[in-house]
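Remarks on the structure that follows.
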Amino acid sequence: MKESWSAFDTFEPHFRPLVIIELAKDTKEETKEWLTQRIVDKKKKEGAQLLVKPLVKEDGGKIDGNQNLYLVGASHLRLLLGAETVGLVKECNDNSMRTFTYSSRNTFKDFAEDNHDFLTMAERQYIIKHELENLRAKDERMIPGYPQAKLYPGKSIMRRLMTSGILLQIFPLHDTEELKKLWYTWCGQVKISYQPLDEIRCYFGETIALYFGFLEYFTFALVPMALIGIPYYVFAWEDYDKYVMFASFNLLWSTVILEVWKRCCAIMTYRWGTLLMKRQFEEPRPGFHGVLGINPVTGKEEPVYSSIKRQIRIYLVSLPFVCLCLYFSLYVMMIYFELETWALDFHEENESYFSKLMLFLPSIIYAIVIEMMNRVYRYAAEFLTSWENHRLESSHQNHLILKVLVFNFLNCFASLFYIAFVLFDMKLLRQSLATLLITSQILNQFVEALLPYWLQKRHNKKVKKRVYSIKVDTDLSLFEQVNLEKEMGTYLGTFDDYLELFLQFGYVSLFSCVYPLAAVFAVLNNITEMYFDALKMCRVFKRPFSQPTANIGVWQLAFETMSVISVVTNCALIGLSPQVNALFPDSKTDLILIVVLAEHILLALKFVMAFVIPDKPRDIQIKLARLEFESLEALKQQQMKLAAESLKEETHGEKKMN
């Protein structure tokens, strides 16, 4: 049973800052006063009941140039009540996982009234973010001081401030001591070991920990492919008969690793509590706009936008634009093949070491162009998806992922399909695949981690000089930390990281029988990727807000789709090999039928394996079933208790009447 908020006083004069709010420099004083008051107001007044104070000098004066930075925190009691509100799941004394409630707080492991570490810092910051996002307008019709920034009852105040340009950013503070410990455990020692996923989860949250867990799992899963691929490359390069076994193993491998990952994911997320978290009703995304109307589900006022208009934008604008981009990608691909022809002619005319190197130049240039096109298209896809005006964040993300995956798949793999199934040039296919894979990995490491890290270090030196030039009597470490972190880049999520792994999985699985060393380069890349991604999280970007999640979402489906496509491509490549063709000199129809039959058998085997391997281990299934049974029993008892009380009141009323 939830406790009444009015029964608690959650004010504390001194608190630990957890989240920073930065307002625009020209923000009006009445707006600041109104916002801070709404943040500290009690729940019964529809406030957030949090703690907030500006960054000030010791004597109480505001620091010039930083009067729009506010520190936000909460009392220990307030955070515990917030943990119940957001539905956090914690471990009980009997080792089971249950949704936290304040009334039953003493039944949870490691709970004590004076233990402020019962909730991780990531969980505390997530609670504050949730409360700020759910700070809603009451009877205000506009933001004080800004008549053009309209409000209506139920509208998210923070979202309106953000879209009006008044609120610049909200970000969680780093814990410098904990970050040092995590960095040392994670990357500070040169040794081969598992990543500290539980510590990463406690500091950055489940979404990021799950990405690093998948990266680690995928890297280990690639090791068997790499070990088998090396002897195939060394001893049987042109023997396509042996590649039938290698390709068959690859196809079964791709199915098994994805199914086993679901089980590993379930084990981790059960331990972290997110597997049990109930999905909350999804609010409209911040960028959603429309005419004010009534939501037929909730009955609340919110923007309403015609689904017909959205469909028109999708099918008459976005879809033609995506098709145009795909055509442009194919056009660039044909230019690449012209360069390949030129390089081959140059080598035949000169026959020198330099001409041999020139054979790789077109592929290297094409790989760089592919990366540039992918990044430019990403911005266009984000703009189009925002313009489509999806109501829910999940719908927005699904449309964005679909646009990006379709283009990236064609842009990265179209040339390989063309070489394999139009030119029938296996030597060029091996060369192109190797060059595209290695070049893209090097570019990604440089652009995503090394370059931002170098730029951030340069910027930090400038900020530190500016900070120390100000005579400040307050806690300089906090002042310096806030100023350093507010200028750091914002981590935009795991989208690009998963996309990189998805394309890598495509390079490894689609053409495995042609280039067995693809898995070797993927393993080497992922080992460095773990370090560079850790560097990126700990040194380059602001600390991201924790986001509870139970799985890797739509990316699981994307990887499974790629594994199905790989069955078709590998069967087709084996069917095109000279050795297999020699077995059917008279009838190509028989060859095609046998290849199609083999492909269908392998696909059927994949789906059978996917069905046979459970998504969750047996013990997790039992624990989930037990929790569901206990919840139903508790609901029954509650209903019986209410019915008994109702019957008692009716009997008492009848006796009075008599």
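Cβ atoms here come from the backbone N, Cα and C positions, even for glycine.
Annotated features, as they stand in TrEMBL:
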{"type": "DOMAIN", "residues": "200-626", "note": "domain 'Anoctamin transmembrane'"}
{"type": "TRANSMEM", "residues": "217-237", "note": "transmembrane segment"}
{"type": "TRANSMEM", "residues": "243-261", "note": "transmembrane segment"}
{"type": "TRANSMEM", "residues": "314-337", "note": "transmembrane segment"}
{"type": "TRANSMEM", "residues": "357-377", "note": "transmembrane segment"}
{"type": "TRANSMEM", "residues": "400-421", "note": "transmembrane segment"}
{"type": "TRANSMEM", "residues": "501-524", "note": "transmembrane segment"}
{"type": "TRANSMEM", "residues": "591-613", "note": "transmembrane segment"}
Between the transmembrane segment (501-524) and the transmembrane segment (243-261), are there at least three Cβ pairs closer than 8 Å, leaving out pairs fewer than 6 positions apart?
-> yes
Sequence-remote contacts (6 or more beyond its ends) of the transmembrane segment (591-613), Cβ cut-off under 8 Å?
-> 248, 251-252, 255-256, 258-260, 263, 560, 563-564, 567-568, 571-572, 574-575, 580-581, 583-584
Among 243-261, 314-337, 357-377, 400-421, point out the range having the most Cβ pairs under 8 angstroms from the transmembrane segment (217-237).
-> 243-261
Are there residues at least 6 beyond the ends of the transmembrane segment (314-337) whose Cβ is under 8 Å from a Cβ of it, and what are they?
-> 362-363, 365-366, 369, 373, 377, 380-381, 384-385, 387-388, 399, 403, 406-407, 410-411, 414-415, 418
